[in-house]
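All remarks here apply to the structure that follows.
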């Protein structure tokens, strides 16, 4: 895709340096904005920060956050994954296609993660070995998965989700949603992988400058493929959790998550041109999306304004990140 | 001059590859169709396939131009939805309102396109993100205007969608065909047409050469918005009413014929004739799958596989920063 072009403007070595020694605004702007949004909404509607509403927002945050973590890996290597929502819905359909007993839970979990990983592998192979643009490769996989899902369920999925997943997706531990705990564990594990491991450094180099990556002996293709596999697997996990939250399965569990997850990552400072960004920033982006959607309702604006506000924030946030990269 | 001549060479190389692949696939589908059913190759069925290609053709034309410059327009679906609601909502059955409303709706498409192009050129944000954002805003505005089908159109408004010329050719599809041929001619033979390729090929070089890069980018998004609004008028003509989600599927499906027709997402290579054949391919594929009595669910799988097959045959140019 054309993302490589945007990167031409920013000298690449500098880009990977800024990932480590970032200037104040770019690394903390998102958190400041998040706090400002919370304060303003709270001032207009104090119910916004009531225990029940906060718990509700955190429960909505968890599935999106898990997808965003995976999306971050893919965007870091100059890609993007449009198939995540389709993977989520497929995971939800898989979850109900067993008997609905808790004894099947482990099997369901493995089947879902396997499906997500396989989708990611296909995406990664198309992108690296056939040089298909990530947009198209993942778009095509999205459509194929959707078709297979429709064919398998005859358009009307049915069945029950094991109560274990219902618990995980919708129960709280004295106000703290279980699904948020899952997201935190995932964030810590993949945060260590990305920010503290040799593999993580390879991800940044591969995305920051593929030529350098090749010259220093990094198997850039393998790194890229692994990023797509991580993204697919995490999307499947998020689909399982979301289906436990929704309770009813339809063919479109997770609809909109592909765009929301990309938007959240971009708002959180993950550059579409690759090699720059962090999981903490991406999660802050996801939190802003959830807070803004909630705030629109809490301050009494019509629901339609949710997507208008979302659209405005996308453009404003993205333009704030482009400017410093140009200077 | 070197930029222009090299982009011209690429243009011919790129579009030829694209055309061969699509023509090959079209012939393949046709042969399968003929062997499946006697009714497939009848003029009645083929004219049907032709008629059903109209909406996709119009929106894909604008999308092709955006992609040729290395961009993309993800707001077309919302532009279509908004324009369709405004068309039937403002006409509201009053024949004297038809022409002013059509002119107004097309102008709205142009203005939205200019806003897209303006944000892209001023902020430098990737078109994917910009049009995603404006698309969300426009969908919100559409839903503020109305949550369900709104307004109605007078008798005769369906001429664009269902009218037939002599020999049974659909009015709308023939209009789209003529517009495509005109666009292909202008792309090849005008300075602006060559600028579109040059900007998509290498925006840096194009700027350094003194080409009006920003104006070219503005132009393609304005045209994309215009054709999205035109698609909306076609859809109102076809369904008789505007609907708030009527364009939703067109955002992504407008990209399929473009890439199947050999236009590279990286920009600078491909052309509108490939897209036109890509549109006919999608239309023929859906028709054939109906004949094969394939469950509609597998039609999606087939579309996805066609995209994968086609794009795997083309190799995107590698951009090494």
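Glycine is no exception: its Cβ is also placed from the backbone N, Cα and C atoms.
Per TrEMBL, the feature transmembrane segment maps to A:30-51 (among others).
What TrEMBL records for A:57-77 (among others) is transmembrane segment. Long-range contacts of the transmembrane segment (A:57-77) within the same chain: residues 84, 88, 134, 170, 172, 176-177, 179-180, 182-183, 186-187, 190, 194, 203-204, 206-207, 223-224, 227-228, 230-235, 237-239, 241-242, 245, 254, 257, 260-262, 264-266, 268, 270-272, 274-279, 282-283, 285-287, 289-291, 294, each at least 6 residues beyond the stretch ends and with a Cβ under 8 Å from a Cβ of the stretch.
Within the same chain, residues 63, 67, 70-71, 107-108, 111-112, 115-116, 119, 123, 135, 138-139, 141-143, 145-146, 148-149, 152-153, 157-162, 165, 231-232, 235-240, 242-244, 246, 249-258, 261 sit at least 6 positions outside the transmembrane segment (A:82-100) and bring their C-beta atoms closer than 8 Å to a C-beta of that stretch. As annotated by TrEMBL, transmembrane segment applies to A:82-100 (among others).
According to TrEMBL, the transmembrane segment annotation covers A:106-128 (among others).
Positions annotated as transmembrane segment by TrEMBL: A:135-156 (among others).
Taken from TrEMBL, the feature transmembrane segment covers A:176-194 (among others).
The annotation transmembrane segment is assigned in TrEMBL to A:223-246 (among others). For the transmembrane segment (A:223-246), the list of distant contacts is 59, 62-64, 66-67, 69-71, 73-74, 76-77, 79, 81, 83-85, 87-92, 95-96, 108-109, 112-113, 115-121, 123-125, 127-128, 161, 165-170, 179, 182, 186, 190, 199, 202-203, 206, 213, 253-254, 257: same-chain residues at least six beyond its ends, Cβ to Cβ under 8 Å.
For A:252-272 (among others), the entry in TrEMBL reads transmembrane segment.
Annotation source TrEMBL lists transmembrane segment at A:279-297 (among others). Under 8 Å from some Cβ of the transmembrane segment (A:279-297) lie the Cβ atoms of residues 27, 30-31, 33-34, 37-38, 40-41, 45, 48, 53, 56-57, 60-61, 64-65, 68-69, 71-72, 187, 190-191, 194-195, 260-261, 263-270, 303, 305-306, 309-310, 313, 317, all in the same chain and six or more residues away from its ends.
The annotation transmembrane segment is assigned in TrEMBL to A:303-322 (among others).
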Sequence-distant contacts of the transmembrane segment (A:30-51), meaning Cβ under 8 Å and at least 6 residues beyond its ends, amount to 175, 267-269, 281, 284-285, 287-288, 291-292, 294-295, 298-300, 317
